[in-house]
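Undergrad: Quick one: the structure is below, questions incoming.
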Amino acid sequence: MDEQVQEPLSDQVFINFRGDELREIFVNHLELQLRNAGINVFIDTKEQKGRRLQYLFTRIKKSKIALAIFSKRYCESKWCLDELVTMNEQMKEKKLVVIPIFYNVRSDDVKRAANPDGEGNLDGEFSLPFKQLKQNHAGEPERVEGWERALRSVTKRIGFSRSNSKYKHDTDFVLDIVKEVKKQLNIPTDNSWSAIGVAFLAITINLIFSFFIAPKYLPDQKFFQTPEWFIGTLAVVLASWFWYKNNQNKAPPPS
């Protein structure tokens, strides 16, 4: 007897990925940072795609953003591609923003795989599994064409590639993705003050302390009115602020 499907909550982000390949090494880290940013995320953690495929499609339709994480083994899963088809349909209707993410796979390889007439489209790490999957489903030409259309469409979008030389660690890669998701959801990417604002606040507090508090409670109040005091405290405040800015939301790369 089929279990009853409850109406899902509205998700902000749906993550489409090859579970047993990426869950532990990348996706868990990405999910953590999204949730730390206050973003509601849906991930199919049970890895029983066949049981509730329609349910997953519903979750996609309830979402505002979908992250399509392409990896070397992505095309070993027909369920990943079926989800991608639904994501593409929602994207064409302007009901969903899809962001392609290329994790340890070349973006041009993924794009070539989606073009059945393209030269050299069958020799890549992504292309070969896709070729095999299409052969296994040769009796379902409409389904295969849907996969190819979805791949062509989604990979034309501006996304993120782990192979970009700017990313030394997964942490930097993840933080850029989270920043883009927040931008698409109209969530302020930085709630901190600017350096000018912090400096102004530090000067204001400094003046209040030096001319109103120190004279009442400290014997050597003249020191707190010297340039050394003002410059020193301002430098400490700004250094602390910059340290915080560089380290906020950073977690160590997953092992």
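Every residue, even glycine, has its Cβ placed from backbone N, Cα and C.
From Swiss-Prot, here are the annotated features:
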ACT_SITE  E83  active site
DOMAIN    9-185  domain 'TIR'
DOMAIN    201-255  domain 'KASH'
TRANSMEM  195-215  transmembrane segment
TRANSMEM  223-243  transmembrane segment
Undergrad: What is the Cβ neighbour count of E83 (active site) at a 10 Å cut-off, with all protein chains included?
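TA: That number is 25.
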Undergrad: For E83 (active site), which of the three DSSP-derived states applies: helix, strand, or coil?
TA: helix
